[in-house]
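One structure is given below, encoded as structure tokens.
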Amino acid sequence: MLTSESGTSTAEFRPGSGLERWAERHLRFLMLAPTVLILLGLTIFPSVYMFYAAVHKISPNPDLPWEFVGAGNFARLLSDAQFHVALWNTTIFTVVAVATEFLLGLGLALLLDKFIRRLTFLKTVLMIPMMLPPIAVAITWKLIYEPQFGVLNEIMFRLGLPLQAWAGDVNLAMFSIIVADVWQWTPFIFLLMLAGLASLPVEPYEAAALDGASSWQQFRDLTLPFLKPVIAIALLLRVMDALRLFDLVFILTGGGPADRTKVLSLYIYQVAYRFADPGYAAAMSLFVLFVTIILSTWFMKRMRLAD
Amino acid sequence: MLRKLFLTLAIATSALAINGVAWADITILVPSGSEGDGLRAAAEDYAKMKGTKVEAVQAPYANVFEQGANAGATKSGVFDIILMDDPWIPFFAENGHLEDLTAFFKKAGMEGPDSDFLSKSLAVCRNPYNTGPYVCLPYVGNAQMFFYDAAKYKEAGVDVPKTWDDVLKASKMLTENGGGRYFGYVFRGGQGNPVVADFMPIFWSYGADMFNSDRTKVTIDTPEGAAAMKTFMALRDVSPKGVESYNANEVGTALAAGTAASSINWPNWVATFEDPSQSKMVGKISYSPIPAGTKPGSSEIGHWTMGIMSASKNKQEAFDFMVWATSAEQIKISATRGNPPVRTSVFTDPELTSQEKFRHYPVLMEAIQASTPRPRHPKWPEIENAFGIELSKAVAGTVTPEEALKNAQEAVSRITNIY
């Protein structure tokens, strides 16, 4: 029972009062209200607003009204050469980076789980890159790649190898960005795989060993199927993250040289903020959102079917 | 209404978050670096003297444009003054984000800025260029100069580089003798603003321009443009590997570390080159006007200018501060804080010119007076991006110089609707 400081029951919260009964009846809604409000403010409203912006041509002049263009901004995507370049670069980056991170992460997890399980210190060290802010990682790699003073070219020089313009060479720039991303995010895959391996049941392996199954057979027929849900989650999260790559490209190359590293997030940012065309940028953002939803739905469906 | 409220709140929150919560009489959006630092220091002086609290919100270069554009588009009034790079002026002015200063001058009993300002410095503050009303006042007198290591150039047989042929002659020899660790020339080849900024002076020095005089034609893909591109490619060949990704910092570092002999650069780098804690080249770098091609050389002007945002609630206070901050006395103080001046009296002040660190002033004043503005167009950021992509492709060798000019011509035509 609610009481005042003097110990007497307050009229408003007297048991059985209308207000208390109403509060009890609607308690679940009251408890949910903050979450719903936050979701509305931070997710629903901006999403709806983005749909609204995507079908308008928005002038940077506030005195000019927004012009409804329907699917016009989406039609622009078809003929925008820079968008096509950005889409292609994003695809290349996503496929190569995520595949490399997965193979390395899984390999490292298997290695550490099997041979050096007790070296927790090593596991911690391996996870450090993942903990760093992306901007710090980008600046670190910018210094490493710096053609004249960077440590990488210093090593190349001392080894008598030709110096390279790592982030400035058209043939190396995307590779350099992928290397930096792999360095940062392989530990994420490694961490998930390690957790997956730790939860594997022991009995099937004992039975397989008794049956004379080789290590490779055990890995192929037991480990991989058991790990499938973890692999699915890891790949899904990394693909979604890779599709919105921004920091590394912004700091390391600015999208250059020759547009070789211009990715969708960078182009959307340029269109929205540098070219002051938020309607078109919203249309591109929606495109990325749809691609992400379609990809993740397809992926989840496949994994579930496979299970 | 709702969208305006939402955006205004978002911008106000982010501005305050950058700055720490600080309510002020006047709020100014300024870039990071010496320009913003100088104005922030001036703002503190102003608060002490006049009792008007002036808050300077600092942001990285590109972010200043973005925040200014957002504040203008939403009429948020979160900034009273914006310190703008001069090529942004047409965008801000023609989209109604800037206040026409005519009425404020009249009220103050002035016809306009006084004649002590350099004429080219004032020209950029009028919209349209040099003919329209004043929409800002010049604060930092940036115009590019040619920086070179005189001793190295002399070794290569060039006393003072007067033409691009001189630069190429010296640079080729220095790069050939450099063994891959020393280069005759270095430039900003990074895609977008950097490569365009370093190409435009060469472009102009061969008589090329982006548009014809009455702006009815895009004139990038011309014989003059091709001649400029040929020199630019030759300069690339004597520059360090990786110059395709260089911005101001990389170029400045190469000069200060003594690994490159020459470059086009902005005057605020002089302070770095003359600082023993940051430079191996103290007292060794010489300054000259931009070399000539087939025509006299011309610097790109890149002044930082102060304008009043249309949505400001404190316009008169903002104007008063701008007039005070750009007075001869304050511009001199700003110069001692590392910002190039915009007034003749400061450029020729013996108290400054007698000091070693201001020995570049005569060259800089000449460079400003011989400078050319970037094409005045409200879509300049988009034009610069498109041109920068094609230049970057040429520098990287993925397209021929001829293709780059042709593609740039088409891209700029498409953006401006001028065919």
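Including glycine, each Cβ sits where the backbone N, Cα and C put it.
Per TrEMBL, the features are as follows:
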type     : residues  : note
TRANSMEM : A:29-52   : transmembrane segment
TRANSMEM : A:86-112  : transmembrane segment
DOMAIN   : A:87-299  : domain 'ABC transmembrane type-1'
TRANSMEM : A:124-144 : transmembrane segment
TRANSMEM : A:182-202 : transmembrane segment
TRANSMEM : A:222-240 : transmembrane segment
TRANSMEM : A:280-300 : transmembrane segment
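Counting residues 6+ beyond its ends, the transmembrane segment (A:29-52) has Cβ neighbours under 8 Å at 23, 282, 285-286 in the same chain. For the transmembrane segment (A:182-202), the most Cβ-contacting stretch among A:86-112, A:124-144, A:222-240, A:280-300 is A:86-112 (pairs under 8 Å).
Same-chain residues lying 6 or more positions outside the transmembrane segment (A:280-300) and placing a CB less than 8 Å from one of its CB atoms are 50-51, 53-55, 57, 73-74, 76-77, 83, 232, 235-236, 239-240, 243-244, 264-265, 267-269, 271-272.
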